[in-house]
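According to TrEMBL, the protein carries these features:
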- B:6-22: transmembrane segment (TRANSMEM)
- B:62-84: transmembrane segment (TRANSMEM)
- B:130-156: transmembrane segment (TRANSMEM)
- B:177-198: transmembrane segment (TRANSMEM)
- B:249-269: transmembrane segment (TRANSMEM)
- B:281-306: transmembrane segment (TRANSMEM)
- B:364-389: transmembrane segment (TRANSMEM)
- B:410-434: transmembrane segment (TRANSMEM)
- B:474-498: transmembrane segment (TRANSMEM)
- B:519-539: transmembrane segment (TRANSMEM)
């Protein structure tokens, strides 16, 4: 075999060994460490309702009707079997149109002036699975949700503030309300009510 | 969304403190890794099983040939593995990947680009992700490290043709540097919420009543090396914007840290290996200056757009907002990473243009693992050459004469990437079959194409995601840009290293241009900016600049 052939064979054997180490042993080791250190997170931050898995606290859930807080618009209809942004450019007519439509829809749903609708309520996030909304958008939804669940606005506002990020993550990022955990709390409050 | 200036400054300060504390110890460790004569037991086993003579000191041509042989085999294996996915284990029921997509992906991961023309969730099972892609995340980064180490040896050694042993460098970079750091990084990421499991969870009744399948997979292990190796290929389509890849603002800051850790430590390694720490500090200063300047400009470009036009919201994750997004977007495009936590396509026009300019600088601040430093060292030779012309002396760099042979290699190096970017963009915009893949109206469509070729030729991998690159035409052109953009510069750098190693050292005299200190740092920064600016500004004017002027 000539020098080139020998190099290719060496490369193949090296890659094979490296694959066992980096492609198999490494992820298995990390899996083991994850299960030991933080199993809840490693397994998807699953939340349970009445003992049954009811979603991941990190992922948005599609909402209809008047009983729940709506997450932001999504380019993938909140379906975590895929993930994507709209990838529309900032000056694209399609983006201008979708923002206008979203604004009109939210204003109508929450019975407020279109100018009162915050930016996160009318734009899709980077993943399409973003469960978080701004405190302003949450405040906008409180009257409707309170009415829909037969709860007092004050009680709902309390749930909102309990599910608003604070401390380090709010400072590094921005204060956000997790609609998935908030809706879970709402469900439980309704059952208790 | 509004900018929290205090938050941004705090995060930059934390990064500076952490990286400032770590770059010298890391540099010492890196230098020891590549100069040690001892092999670890696992390394000796690996050499034996692969038939590698670890004692061989390779001529630069043999070094290059080994590197190319390894890369060719890697491309074929990654390509073949995807085509046979249906017959391989852990495929989650997914079958063969489309041949054009598989070809583009194989090239993309072996060249450290990690351009994603595929939608992972519906195309790739755990097997391909772990056994093919994650493995290349390690090895392609280690190839970059090997090349910069060989270049430094070329500067240090004298009167030899040999640059070291590619296989030993590849193995050590992987096992001693990337693997331990990835294990640590992955564990931290899991604690923040990144998943690491072997299957999703079907949710029959969500809180809100609907149904959903919560995805699963070995994500944290891949995420850590994706960032540490400046790879950037996301486990999920949305990359680091996906809550399972980047769950919190804290994890986002940690991910930026992982991106910057090795590239910002390499100057310290370089300083030690050439026996003059000042050389390392000078190069580091230029990198830091570009990084800080670019982060500030990017943040300004985004924050200034809030409340105007479509505002700042589309493509941004609520838990991040402006500061984490601009910090990430800058780090990812100034290195060869290309991971994203915000949709670059939806960035305000000038911010999108800056992301391109960052890559057009040649990804030198601090650049990809290995590739950033060798890129900047090539520019340092240009700076030395220009300095030499000013004082009318034969230029020297670290005691090596920079003659016409060296300058020819350097000039070719500098021409490769711009040629690929501008030619690829020009061909694509002039053929409707190709340009129809970027359907956005007006200058934005041009920006999408320019971004794609800039990203491919610079081995970045981020995208203006509105473009469709999975068809045969663009998949092939971008694969070519990635291949030539990776291996032509590497071949030129190794040839340069060989020609430098051959020379004997000339002693410094009072007339020698010092390659350390503020004067040279300024010259180097100026040269870097000038080379990129003169080449790309006309193209940028047609895309993002024109778009920024449209109201």
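Using the three backbone atoms N, Cα and C, a Cβ is placed for every residue, glycine included.
Automated prediction, rather than curation, is the source of TrEMBL annotations.
Bear in mind that the values here come from a model prediction, so they are computed numbers and not experimental data.
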Same-chain Cβ contacts of the transmembrane segment (B:519-539) under 8 Å, 6 or more residues past its ends?
282-283, 285-286, 289-290, 356-357, 360-362, 364, 376, 379-380, 382-383, 386-387, 414, 418, 421-422, 425, 450, 513
Tertiary contacts of the transmembrane segment (B:177-198), as residues 6+ beyond its ends and Cβ separation under 8 Å:
29-30, 33, 126, 138, 141-142, 145, 215-221, 223-225, 227-229, 243-248, 250-251, 254-255, 258, 261-262
Is the transmembrane segment (B:364-389) in contact with the transmembrane segment (B:130-156), using three or more Cβ pairs under 8 angstroms as the rule and ignoring pairs under 6 apart in sequence?
yes
In contact by Cβ distance (the transmembrane segment (B:364-389), the transmembrane segment (B:249-269); 3 or more pairs under 8 Å):
yes
